[in-house]
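A.B. asks: One structure, as structure tokens, below. Some questions next.
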Amino acid sequence: MADKNLRFLVVDDFSTMRRIVRNLLKELGFNNVEEAEDGVDALNKLRTGGFDFVVSDWNMPNMDGLDLLKTIRADGALGTLPVLMVTAEAKKENIIAAAQAGASGYVVKPFTAATLEEKLNKIFEKLGM
């Protein structure tokens, strides 16, 4: 079972979606959740440190989720952060692109709390969290 004090950053340009993900994480016992509205905002927050997990949308202005993922993976300090992509992009090529860029997991919107929990648990298990 993962540490319930893990610090999550939820990245999505749609505030309602950020709130939904935040509330689902709270239902799962994770209360340490912050939000960012795009990849640029997310990177600024991530670089201040202290985050344990990123949940990111794909389609966002300024810097999309795939570019955010690639930037995180290329950053020495952030490179090992687990990143779960939560997106409406259900095409096989998108899922492959995210996997090749180093996504820890992929959830297609809309999704349930059970789906989110299952994906998180797989990532926690794989990373020994």
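Using the three backbone atoms N, Cα and C, a Cβ is placed for every residue, glycine included.
Computed from a predicted structure; not experimentally measured.
These came from Swiss-Prot, pasted as-is:
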type	residues	note
BINDING	ASP12, ASP13, ASP57, ASN59	Mg(2+) binding site
DOMAIN	7-124	domain 'Response regulatory'
MOD_RES	ASP57	4-aspartylphosphate
MOD_RES	LYS92	N6-acetyllysine
MOD_RES	LYS109	N6-acetyllysine
A.B. asks: Look at each of the binding-site residues, ASP12, ASP13, ASP57, and point out the one with the fewest other Cβ atoms around it within 10 Å.
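C.D. replies: Selected from the binding-site residues ASP12, ASP13, ASP57 on minimum Cβ neighbours within 10 Å: ASP13.
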A.B. asks: Hey, how far is LYS109 (N6-acetyllysine) from ASP57 (Mg(2+) binding site), Cα to Cα, in Å?
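C.D. replies: Distance (Cα to Cα, whole Å): 10 Å.
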A.B. asks: Could you tell me which of these modified residues, LYS92, LYS109, has the greatest number of Cβ atoms within 10 Å of its own Cβ?
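C.D. replies: Of the modified residues LYS92, LYS109, the highest Cβ count within 10 Å belongs to LYS109.
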A.B. asks: Tell me the Cβ contacts of ASN59 (Mg(2+) binding site) under 8 Å, same chain only and six or more apart in sequence, or just say none.
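C.D. replies: ASP13, GLY65, THR87, ALA88, GLU89 - these are the non-local Cβ neighbours of ASN59 (Mg(2+) binding site), listed in sequence order.
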A.B. asks: Tally the residues of the domain 'Response regulatory' (7-124) by DSSP class, grouping H, G and I as helix, E and B as strand, and everything else as coil.
C.D. replies: 54 helix, 21 strand, 43 coil
A.B. asks: Compute the C-alpha separation of ASP57 (Mg(2+) binding site) from LYS92 (N6-acetyllysine), stating it in Å without decimals.
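C.D. replies: Answer for this pair: 16 Å between alpha carbons.
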A.B. asks: Measure from the CA atom of ASP12 (Mg(2+) binding site) to the CA atom of LYS92 (N6-acetyllysine) and give the result in Å, rounded to a whole number.
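C.D. replies: Between the alpha carbons of LYS92 (N6-acetyllysine) and ASP12 (Mg(2+) binding site) there are 21 Å.
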A.B. asks: I'd like to know the mean pLDDT over the domain 'Response regulatory' (7-124).
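C.D. replies: Mean pLDDT for the domain 'Response regulatory' (7-124): 95.
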